[in-house]
Amino acid sequence: MHYYRYSNAKVSCWYKYLLFSYNIIFWLAGVVFLGVGLWAWSEKGVLSDLTKVTRMHGIDPVVLVLMVGVVMFTLGFAGCVGALRENICLLNFFCGTIVLIFFLELAVAVLAFLFQDWVRDRFREFFESNIKSYRDDIDLQNLIDSLQKANQCCGAYGPEDWDLNVYFNCSGASYSREKCGVPFSCCVPDPAQKVVNTQCGYDVRIQLKSKWDESIFTKGCIQALESWLPRNIYIVAGVFIAISLLQIFGIFLARTLISDIEAVKAGHHF
């Protein structure tokens, strides 16, 4: 039996530092997401009383920001250290996680296309759940307001969905000043007004439905998003393809570097 030493095998500095630079962006983005999330929780007093996390209603957008931050920070750290230290274990972790995320994204996209009714029902439940908690969380409130203003919509299927919120409910048991109203983000903007009128939605739903469209958006946000997607399908597809290509590029760099390291290690065993 003869053993040969591959004396020409070496780790490419080009791939090594390109992968390091690639992951620095991941790591820094993770730091930013974590910083923003922790700052937002600090502003709401969650950090000083962690039991508030379990008492939150609806979906707290900050949780999503923190989750993305943790994943990006962890991947960036593993990729940076793995590339600099030529650590196959960390590089395999980075590569494997990116591959997993890539296929999860692909699966979600395919399932969302095949089961559109199910997705629509889940989004309705999500929106209605957060309508109920509209006044409980400032971040959630800003998210819904931004969604309604950007899409010129109101509620999940229409303004009447705001009956789900205790403050906007039209029942006789409610003594809220916002009773039978909608949030200001449902209001049709007046170009003549330079200052946002946050009370423009008060008592709107007391009027006849035929007059609602004079002052508020009557289209539901689910319908608005369903109309928005076909009009912007090329933008959505472009973003998805760009993210996928970045992930594939990262996988390629990691696998190439792993192969170089393994070749060098194999060359030392003779």
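Even glycines carry a Cβ here, placed using N, Cα and C.
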Swiss-Prot annotation, disulfide partner among Cys154, Cys170, Cys200 for Cys186: Cys154
Ile88 vs Ser259, membrane side identical per Swiss-Prot: yes
Recorded disulfide partner - Cys180, candidates Cys170, Cys200, source Swiss-Prot: Cys170
Of the disulfide-bonded residues listed as Cys153, Cys180, Cys186, Cys200, the one whose CA lies nearest the CA of Asn169 (N-linked glycosylation site): Cys180
Close in space, distant in sequence - Cys200 (disulfide bond), Cβ under 8 Å, 6 or more apart: Phe184, Cys187, Ser215
Cβ atoms near Cys186 (disulfide bond) (within 10 Å, other residues, all chains): 28
Nearest recorded site to Cys154 (disulfide bond) by CA-CA distance, among disulfide-bonded residues Cys170, Cys180, Cys221: Cys221
